[in-house]
Ligand SMILES: Nc1ncnc2c1ncn2[C@@H]1O[C@H](COP(=O)(O)OP(=O)(O)OP(=O)(O)O)[C@@H](O)[C@H]1O
């Protein structure tokens, strides 16, 4: 990816944040997780799992947003195909978020319990 392509990609991320309430929620959740990770001093392996989990959720949400936009262009008005496409795409985000939450609980819960 050249410098110009990189700029377009960054713009795409900001557009997704602008369009999607869920994307804003994911960004806030990411900042909270990163901050908590710093406070609880995760080790290298724990950071790797947390960063992979965050990346998969953000990637899924970016693709979901893109698929929603394409679907809205293809189908005008309500349509069963549009519903299925969007629901399946949203399902991908849900799967990523559930597994990310499980990774977060496995890594953070024992540390939070020890912290208090
Ligand atoms: N054109 C359509 N025809 C039929 N059902 C639709 C259509 N557009 C959206 N839906 C239904 O409404 C749901 C929400 O779609 P919408 O485009 O509003 O996404 P959203 O509210 O931004 O979703 P998310 O919160 O997952 O990002 C879809 O998952 C689908 O079930």
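Placed from the backbone N, Cα and C atoms, the Cβ positions cover glycine too.
No curator has checked TrEMBL annotations; they are predicted automatically.
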Additional site residue, 68, 80 [criterion: listed by TrEMBL with 20, 86, 87 for ATP]: 68
Secondary structure of residue 20 (divalent metal cation binding site) (DSSP, helix/strand/coil): coil
Contacting recorded positions, sequence order - 61, 86, 87 vs ligand 1, Cβ under 6 Å: 86, 87
Within-chain partners of the transmembrane segment (25-42) [C-beta distance under 8 Å, separation at least 6 from its ends]: 17, 50, 54, 57-58, 61, 104, 107-108, 111-112, 115
